[in-house]
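**Student:** The structure that follows is given in the form of structure tokens.
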Amino acid sequence: MGAKDNINKVLEIKKALDKLGKKDPDCFTLLTDLSKIPVNKDSSTNDKVKKKAKILIKDWMNEMNKPVSKKEEQKEEETPNVQPNFELTAPLPIRNSKGIYVFEDRKEFKPNKSPKEVLQAGSFGGTYFRPIYSSVTKLKYGSEKVLNIKTQVASPIYDASKNKYKVKCGGSLEMWEESGWIKEQDPYGWFQWYCRTSFSPDDDRQIDRWSKCCGEKGRWKNNLITKIYKAAVKYDNAVVSPVIRQVLLHWGYELTEEDYKKRVKTDQMKSVYFIFHLYLIHLHASIKKDINLAGIFPIDGIEGWQGGRACLPAVEMALKDVNEINSLLPGYNLKLYMDDSECDSGKGAAVLYDLLYNKPQKVILLAGCSTVCTTVAEAAKMWNLVTICYGASSPALSNRQGSDARIIVGLFYAKAARRVLCEIYKQKLFGPKYVWFYIGWYEDDWFMKQKYLDEDNINCTIIQMAEAAEGHFSTESLMKNQDTSLKTISGNTVADFEYKLNLKLMQIAKYERDVKYGIMPEGYLEAPLAYDAVWAIALALNQTMERLAQQGKTIEDYNYDNNKIAKIILEEIADVKFTGISGEVAFSEKTGDRIAWTKVEQLQKGKYEVVGFYDQKTDNLTWLIPKYGMYGGRTDRVIWSSKKIPQDRTIVKMKLMKLNLYLYISMIAVSTFGIIFAISLIIFNFKYSHRRIIQHSHPSCNNLMLVGVIFCLLATIPIGLDGRYVSPKLFPLACGSGTWLLTLGFSLAYGAMFSKIWRVHRLTAKHKDLGETIKTVVIPWKLWAAVGFLMLIDLIILTVWSIVDPLQREVRNFSPLPSPNPEEDVVIQPQLEHCKSKHHHVWLGIMYTYKGLQLILGLFLSYEIRSVKVKQINDTRLVGMSIYNVVVLCMITAPVTLVIGDQQNASFAFVSLANVFCCFLSMALIFVPKIHFIHQHAHDPREKEDDEKKNTAEQELKYKNILKENEDLQKKIADRDQKINCLRKRITEKKSEQEAAAKAVGASAITANNNSCRLRPLASNVKLIDTSGSSVSELDRQESLKGITVYRGIMPTDGRPAPSALVVSTDEPVESLSLTRY
């Protein structure tokens, strides 16, 4: 008893003494109690207590030793203890063998405790027969003449510890008087009436009161029996309703085994409670189907957390409560199939296998112990089995991302935590740079007892362990609803739940004794979580059944292959929200963790202090205000060893990687020179446009190419811009302009060269098919149209790209680098700016595909016309060489830049050099020969104007007509020569036949024509000419044939010409000679 309690005790006794009288005999009892209060130097250091107690005892002892005066004696005699007047008419009761008092005229009155036994057992807080003043009789009553049991009967102060069941019950005397229950006969109340040895006129009322309390139909007696029956414990188990037991004892009754059994076996109890209840259970079982749950509980074992010892009874309670609600899971009961994992992950996996492969099929898995939950949760998803872990705190169960932090979270059980703490001391991982978090369910002295260190073979001292542990934090979820009077979804308050759980644990033999003494089995604190887990399952399944009903399915359609129903169950569990025994129950949509309040404590000078609370639902961390006079004026209760808040991680300084300034300036200088050179070439084209070497190279196409070169070289400027010159807001615009310039410039420059090659290839193929020489005039607008078509495709792609998926600034982080200053707790985080869109690779693929096909086609056409010379396009071969160079450089640059994109200097240098080389080589190959030729031939006579040799369209047509007419004439001459030769040959062969033909009469005329002969009668005016031996010249022969028809035939014996005769007729002039064979 402390000093403060001593003072209160003294003052309380003083008040009681003041109410009594100075000479009241009960003062001795009070003084005796007062003398027991420790007031010596050894037991109390409060001087006020010593003085008050000693003075009080001294004064009252002196007062008691004084002789009583006659006036006081007379006054005392005038106010004696009043006893009511009544006659003794009834015999004394007889106590039977069962301990019940039998009254002959009041057989319904059956108390089993005498007044003496009631008081001896401990009743009324030891105050029943204390001196009182009755407001009913207006008299004072003292207990000295009735009973002299000072400490148990007549104490002026109510002391619940004096009662048998150590609880306080009943109302005050004033309350009973105001309610009208106190009569003049018995100013103390019912028990005073009971103490009398014979009855009085008030017997009927008092016995009726007793019957309503303790009789066969007594409310309090039957209430106690019902509670004992429901709790399924022995009749004398004082844990069940100790207050009711004390009330019954005050009424002279204590429950016996016989009365308990008699009441339980009555017809009313059988029909109303027991039989009817069993009938309902049987009826429900015959109608309802089971939804089977798998349960893995850590009950036995020597390692880890054996929380299933208290959590399993809580789960069984929840299943019973859920199944009794017909509106929840209509037509179904939840049924649990469980096994023990011993908080061992290997054993847990084996248990899971057995539960899954043994019928019936399970719908949801309920498990505890973090190590087991981590294992079975990973395995259960392969069977589409949703897992709920009621007592797990492992971060591996959720989706977590690590970060560079100085905060170290230790998630292990107490034995492992002690080993880790010793290693922390050895590795010096404590102090101002480190903040440790431990699980909050350890005992407060989990590392401070040598017993623990010896059992775990830890070679660190308690001092070393305390040094390493000092300042660490512990977090623990609040596992009970803080509003203990609030009814939860089950209809129970927290107090109701704990009461029922205690009763259920007492039914288990190995826990009964411990629970009686307040020693709860492991897992008792987490039991509300297990209880609410079952309710969460029930509510989620109830919603799942409704969704399945809309699809024409039931929960019975679920199997281990049906991931659709499993997904619905998981979604419904994520949506569960209710008020449970453990508080507000809800689950995180992202991680599946339980959303609850968490208490944060810090070890300060060897003692845990609550420093804050975290509300996961609102993501709010509340630090408690410091206690008055503590924590040195800080705003919270947290104490830091370095007197300042440590860095929760290494400070990371962002450093933007910038392009080498000298490289950028040099590339811009080269590009500027190229732009100036291109502009100079455009001027050169216009100045010498009258020269044939410029005219035949299509200067308009060359100018387009030069404009494209300027665009490409201008693109070097925005490509090299970075955060040093452009703000993040304008960066997408800058890099986007580089893309537009480079793309359009490529289409102009390469497109102009490609159009030339394409036109030459078409002309070559056309005239090659006709077998003609290429002399067609090339029309410029067709070349421009080809370039315009390529530009149009680029504009469409770039416009759609900019609208649908615009380029944005993207910052990429690289591996951190150490700070130049080793004393700083800082690392350098290099960052590189990129200009990318959301689907950047898709757009690059489209652009590279289109440009790649263009490059390949240009390469093919250049190869095809490598040996063709066209007067109208005189630089075809040079353009082809330029295309070769562009294709090679582009094919190398495109993939290389994708690989080295994160190397800023190398990437910029590669792209810029490839761009510069393409532009300079193209300009050099196409224009340097022209410049050289004009410089060497300032006045070339071959380039004078010649009207006769102008290659106009009219001259071309006239020339072709002359060629055709010449060919026709040559064919006619050849035909004439052939005919003449034929005649010469015939004349020579048949000259010998002329004589015979001449003599023959009536010979047939022969006309030779095309080696065919026909016969006709010989005219009478025919002359025979002998040609044998004549020496006529060839010219004479030709002249002589004019107007002559030659006949050839054979003269038969019947007067026709002989075969060798040659008949010549001069009657008819003939322009041509024809021979006809008959």
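Every residue, even glycine, has its Cβ placed from backbone N, Cα and C.
Just so you know, TrEMBL annotations never went through curation; they're auto-generated.
Not my notes, these are from TrEMBL:
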type: REGION; residues: 66-87; note: region 'Disordered'
type: COMPBIAS; residues: 69-78; note: compositional bias 'Basic and acidic residues'
type: TRANSMEM; residues: 661-684; note: transmembrane segment
type: DOMAIN; residues: 663-950; note: domain 'G-protein coupled receptors family 3 profile'
type: TRANSMEM; residues: 704-721; note: transmembrane segment
type: TRANSMEM; residues: 741-760; note: transmembrane segment
type: TRANSMEM; residues: 781-804; note: transmembrane segment
type: TRANSMEM; residues: 842-861; note: transmembrane segment
type: TRANSMEM; residues: 882-900; note: transmembrane segment
type: TRANSMEM; residues: 906-928; note: transmembrane segment
type: COILED; residues: 952-986; note: coiled coil
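Explain the structural surroundings of these features, please.
**Tutor:** For the domain 'G-protein coupled receptors family 3 profile' (663-950), the model gives a mean pLDDT of 80.
Within the chain, the transmembrane segment (704-721) has long-range Cβ neighbours (under 8 A, six or more residues past its boundaries) at 659, 664, 667-668, 671-672, 674-675, 678-679, 681-682, 685, 731, 734-735, 737-738, 741-742, 744-753, 784, 787, 908, 911-912, 915-916, 918-919, 922-923, 926.
Outside the transmembrane segment (741-760) by six or more residues, the chain places 698, 701-702, 704-715, 718-719, 778, 782-784, 786-787, 790-791, 793-795, 798, 847, 851, 854-855, 857-858, 861-862, 865, 868, 870, 873, 875-876, 879-880, 882-883, 886, 915, 918-919, 922, 926 with a CB less than 8 A from a CB of the stretch.
Long-range contacts of the transmembrane segment (882-900) within its own chain (CB-CB distance under 8 A, at least 6 residues past either end) are made by residues 750, 753-754, 757, 848, 851, 855-856, 858-859, 862, 906-907, 910-911, 914, 917-918, 921-922, 925-926.
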**Student:** Please indicate, using numbers and ranges, the residues of the same chain that are 6 or more beyond the transmembrane segment (781-804) and have a C-beta under 8 Å from a C-beta there.
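**Tutor:** Result: 698, 700-701, 704, 736, 739-740, 743-744, 747-748, 751-752, 754-756, 758-759, 837, 843, 846-847, 850, 854.
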